[in-house]
């Protein structure tokens with residue numbers, strides 16, 4: 001969400017006044033007359049003098065609030081406009097001493113009291129300097145106005161100028177106050193939206209301090225690193241979470257049900273509200289008697305227990321949950337599964353990467369972290385995600401299953417554990433083989449078949465970024481590579497094995513995606529299409545297009561590399577020939593000597 005304060009920024013105009021640069025600042029609330037008076041004051045001309053602005057190439061500039069801004073290098077030149085007083089048949093009410101009617105032509109004359117010394121160069125060639133004007137029937141040409149009359153006129157003009165000045169200052173003050181109030185209101189709104197982010201940062205700092213303290217106090221431990229703090233207690237907020245409840249528009253509600261939903265447009269508060277809406281929309285709050293306040297506390301605590309990793313963060317959690325929600329509607333899963341299964345699918349999707357440290361299972365095992373030791377090298381991260389999920393649910397304030405009978409909770413717990421453990425990509429081939437075997441005679445009434453289908457569904461959602469439009473999917477690739485490179489850099493520094501697809505010196509965006517799309521994503525979604533044909537157009541077609549796009553990108557990269565090699569070869573060859581010529585010249589000079 002943007003600041004919004006830039007719309008209230010005043011405009012600055014630079015004027016060239018006899019070779020001196022004068023800066024004039026005004027707000028968008030000034031009118032053309034106000035701006036012209038400011039320019040007159042800046043240039044030393046009387047107020048209400050008609051002036052024109054010229055650019056450096058003598059083009060005229062309109063004097064109004066929307067006039068184009070300039071810089072000190074391109075100041076505008078100010079020129080007074082010479083207005084020729086045309087004669088008009090105005091009858092003078094006063095008769096001259098000779099009894100004649102004063103209907104003779106008017107002569108141009110400067111008004112007494114406003115005459116200013118003429119500046120050199122004030123009028124360009126081709127302009128007409130105003131001639132002095134003689135009031136009709138009052139004085140003969142060459143006759144001076146009496147001093148008392150001149151003093152009276154000057155006094156009146158001074159009072160009028162003072163009144164105009166006060167009026168302009170009041171208007172400017174009002175505009176400035178309104179401007180500041182609007183900016184302050186916008187800032188208050190923005191600061192309110194940052195409350196959750198600030199609390200999240202505080203929580204992360206606290207966790208880092210506790211982790212550092214735990215590391216420094218640990219001695220003679222075979223584990224190199226610890227991502228756990230045994231004394232950490234997940235304490236949710238006792239009060240109702242402070243994130244605002246957004247009212248989703250009908251367009252947002254409709255878009256939320258589709259895989260094309262743009263997950264990058266939403267702030268954490270808005271994502272929390274969207275997740276809350278999903279539970280209400282699917283009837284889970286109603287069917288399982290979930291307290292709405294408890295649901296909000298649970299979502300807030302889940303948000304707090306996702307780390308700020310480049311990829312495995314709360315936005316990824318929302319991305320997976322939203323894809324699961326869209327598949328429920330796309331494939332009409334509520335007709336195939338019970339509400340308990342829908343609750344398991346949605347809750348497992350939200351919790352599937354809780355407290356992810358940003359380093360995968362391979363690193364955990366090779367570095368002998370506390371997670372790997374605790375779970376005996378068997379899916380250490382996925383086991384940890386499950387443990388954190390049920391630590392949160394163990395808190396009464398966050399237990400969204402508190403009104404479910406013990407047998408029902410046991411079924412939900414076992415289902416969530418099964419699905420979260422299935423997200424370990426080391427088990428991908430095993431799960432796919434089992435599912436393909438069941439696909440030959442798939443039975444929706446068979447519990448084993450349905451469990452495998454749920455495992456495939458959460459796997460599809462977990463790695464479904466390329467199903468989304470290119471502008472939504474591509475930033476996720478950059479985030480994932482950044483996390484991979486962080487891990488490979490750490491593995492290099494610690495002398496651990498480095499996977500080629502994580503090495504910043506070997507992998508590119510195209511090479512990273514082509515194999516994954518061709519051999520993991522497309523086969524898995526093709527299998528799902530056999531049960532749900534509607535998946536082909538909505539999800540499989542974007543995968544084919546993504547594969548073709550990255551293959552084309554790889555061809556371009558390869559061509560550029562080949563061209564670079566040829567260029568380097570030619571350059572090195574030319575350099576070698578130049579060295580040989582230099583040696584030949586030196587040898588010939590030596591022979592001559």
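Just so it is clear, glycine is given a Cβ too, placed from its N, Cα and C backbone atoms.
Here is what Swiss-Prot records for this protein:
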COMPBIAS  104-122  compositional bias 'Basic and acidic residues'
DOMAIN    236-557  domain 'PDEase'
BINDING   312, 313, 314, 315, 316, 353, 462, 484, 512, 513  3',5'-cyclic GMP binding site
ACT_SITE  312  active site, proton donor
BINDING   316, 352, 353, 462  Zn(2+) binding site
BINDING   353  Mg(2+) binding site
MOD_RES   379  phosphoserine
COMPBIAS  576-593  compositional bias 'Basic and acidic residues'
Which recorded positions sit within 10 Å of residue 353 (Zn(2+) binding site) - Cα, from 314, 379, 512: 314
Neighbours of 316, 352, 353, 462 excl. site residues, C-beta within 8 Å of centre, Zn(2+): 312, 317, 320, 349, 356, 423
Distance from residue 379 (phosphoserine) back to residue 314 (3',5'-cyclic GMP binding site), taken between C-alpha atoms, in Å: 21
Intrachain C-beta neighbours of residue 352 (Zn(2+) binding site), sequence separation six or more, cut-off 8 angstroms: 317, 320, 382, 385, 419, 420, 423, 458, 462
Position of peak Cβ density within 10 Å, selected from the binding-site residues 312, 316: 312
Diameter of the 3',5'-cyclic GMP binding set by C-alpha atoms, the set being 312, 313, 314, 315, 316, 353, 462, 484, 512, 513, in angstrom: 23
Among 353, 462, the most crowded of the binding-site residues [Cβ within 10 Å]: 353
Nonlocal neighbours by CB distance (under 8 Å) for the residue listed as 'phosphoserine', same chain, sequence gap 6 or more: 361, 421, 424, 426, 427
Number of Cβ atoms other than its own within 10 Å, given for residue 512 (3',5'-cyclic GMP binding site): 18
Residue 314 (3',5'-cyclic GMP binding site): tally of other CB atoms within 10 A of its CB: 22
